[in-house]
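Database features (TrEMBL):
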REGION    A:1-23  region 'Disordered'
TRANSMEM  A:30-50  transmembrane segment
TRANSMEM  A:56-77  transmembrane segment
TRANSMEM  A:108-129  transmembrane segment
TRANSMEM  A:136-154  transmembrane segment
TRANSMEM  A:183-202  transmembrane segment
TRANSMEM  A:231-251  transmembrane segment
TRANSMEM  A:257-276  transmembrane segment
TRANSMEM  A:288-308  transmembrane segment
TRANSMEM  A:314-332  transmembrane segment
């Protein structure tokens, strides 16, 4: 991964920070980044294999699905939205796409089906939370259960769809996307980079991105300033859903397998990535680039835990603790500035 | 120490950050005396009162009560010493009853149980004494503004206070209603109460007060007996500067008619507004709070639903939302600058271009160059200090912030400017500049409609003033025709009170319509639930009739407890996402303990204690770190899932000890033990919730945190208490789950358990009169969700759908609860 560049989501006309960060702000940001580095170094010392280039390359590919999911979530969370249904969406999208492939409908149709699932979920969430006023957390939690149930039903209680045992002409493009490279770069990695670049540009350089900032800074003020607040809020869910669908497709392509429930761990990871990224960012705000950093760290940590022989309980436990830690650090900043 | 001084503030200095708001103010309140406190907006009246009430800490100086110096750590200390206050905006918990609001913070209780009969009786007495037209059991949210004032004063008087502070109590009232308030104040004075009375209506003061203290710019400019004072004297002490210099003369000439408004109606406050504006004209709307003047601006801007004929430039302006109004060239400078106009945390430049993004972008991509040019131009033209457009707007002074808000519309260019309280919280120098900018807008051909509670401002600024009373324009006044006092009198309708012909004023509400609608909704939801269950029974009678009945109840044991747990948290304003995870953890733990041979009572205790500990951590993190409870408990949810996995190693844990299984599978006669346990626990929780002071405080905190805090409820403790209780109930639910299922499953069901509880909690709230969360109705909701699930499976639905059904029920239940308000579904994330 390239070194994270510090971006200012709203840049201000002169491109300089809106306000000089207080000293504590800097301490918190550095402390978080340094803390991440320390963790990485410690794992590397304990298990040198961890920093082996081949392992790191594998981690980078591993991280792609999480990056795409977390980036979608970060756009939504940048305006106080929230989506607990991304993992279930990714599962369903990946599963239905895989089945379409195996049924011989072709790659294009399969991809469209995957994205359509994401779009439909995003629209449903957007209407519920943006227009009907259901708190985002409740709306997406409800939809999460509905999607999980649908996933179980369409898969006949979780029967996997295996791409790698299927006739190669049916599934080749998908598997190529999941495992092949363009020059030195894995295609999955390139896809993730493209997604990040597009979303970064959209959130920092367009009127849509600016409206998201306005809705975040004050929904009421944005309404009275003539901003289409509901539409903007809903659009975040749509993007989040679409990217969840895309993430599901990438996961299926990478593993060559679609099993309902396999994307579930990404929900927690995505949250941790967004929170850690926001805590580490100099301005303490949710932003696309810092979310990517958070996602890479979370993936590194999971990989390190596996190398250390520590299983799923540690992963859950550490992620939960990291969210609480990020909060505690975030609060230091808030107290310092208010 | 002089005789009869009930309370005093001596040498009070109050600072907010680096700004000093009060510079050493003295105030003495004598028993049996009405003391008036007057001053302009921003003179420091509210700050002084809050210092007296222990809300604002004093940087220097102190408060005395009954001659001895006291330290007030918060409003509860002030109340304990007999100081009562009725705030201007009458903070009352809107979804609770009149009686509950009146006694919040000092609930009468006998052996830990609320004395409800006593509360009811006492409330009725005081309400009668106040002459209020409402009963102790009415819900505050359904009351009219007048009734709210009466309830607030009644609540203060019910405490039999030593000092009664009234912060503009009549601001929302007409002359007739105000008269009854004056009677109350005189009666209180006769009983020896020291009354501190704050008002903008000077004629009230000269007729009511015994002594008058005048504040200006945070200093006391005079204190004198009211008897010798004329309103002119008071105004001189309040204003103390040359008005001419404040209102720069910007020549502007009215042109063609621009805005024509006929029969505008909106809500209860805007009843029938007629007005017209020419381009190049500044017109003021003079009305007291509640007159409908501010609401008229919002209605014209499309922010309030309205009917009537509104034409802008000859074409109909049917603005259904602010966006539509902005497109037609209408601009609004809202009343609440901080929350309604500014984007704190964003730069001045972003704030300036917020309404004209389209003009600063090509194809949706922002042009930094254009934005910078606009921002620099406006900063220069408006004289915004500091001069950098990159500055965070929140760091600017009030006056400069207001210039930014005006500048935002200059960047867009409009033809009609609706300006609400243009100079609230703005220092004198910036005021003059803002007046000049408004004048220049008119000179440039725009029409400006100004609402202000500062009538001096209207007189100095406007070409014409329209007096608004009870949502109607009653009179038009030209420039220079009246002075501030006269305008105040006309806005209050003091002279015209007997000639008042407007529609029936505050008709004594018989059975308020909202109450009937609530009943219908309660019954409707109940009937709908019964209908669903009946349909399922018709399809497959066995699942609920005969033996199936107890099965469903047994199955409901755990969900009912979890629903109650979540309800307690939600009802106290905390979102506990960890209930399912706690249950999952204690189920696993207790199964493991049983396997290890631990006796059943200890297992039970361990489960509950685990829940309590988790709840205490949740509460501690939420309150101490001041993070939203939902994030704290989300982190906890994940943490617990990890710990559970660590305990069971990803495998199911069977628990087969007979005594343990009795908890969840035993019977007492025909009744399953788990049903008895759950029933008793729910009954206890529901009684605590409804009938104890603690329950009342938890409910009040959940309903309106700020009001509760002002009434002396320690809301932080309320949050911790609720989360601990929620944890304990979840822990118990988990133990019962393990016993009922003969062990703990490997599969993590935290989210399913949570969603079921959420659905039950919201269904339950839809069954209550005011959408309050209540453990008993949540239990009913939970029974329904369980029965529906069992019924659907009995009717041939596959298990896989069960979670989906719960999700759908949750969404349906929440939609019923939120349909009326339709706020944005935002969640506080940090």
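The first residue you see is number 1, and the count goes up from there.
Glycine is no exception: its Cβ is also placed from the backbone N, Cα and C atoms.
Curation plays no part in TrEMBL annotations; they are all automatic predictions.
Small disclaimer: the values here were computed from a predicted structure and weren't measured.
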Seg_contact(the transmembrane segment (A:288-308), the transmembrane segment (A:231-251)) with at least 3 CB pairs under 8 angstroms, min sep 6: no
Counting only pairs at least 6 apart in sequence, do the transmembrane segment (A:231-251) and the transmembrane segment (A:108-129) share 3+ Cβ pairs under 8 Å? yes
Folded-back contacts onto the transmembrane segment (A:183-202), same chain, C-beta under 8 angstroms, at least six residues removed: 7, 57, 60-61, 63-64, 67-68, 71-72, 75, 176-177, 208-209, 239, 243, 246, 250, 253-254, 288-289, 292
Counting Cβ pairs closer than 8 Å to the transmembrane segment (A:56-77), the top stretch among A:30-50, A:108-129, A:136-154, A:257-276, A:314-332 is A:257-276
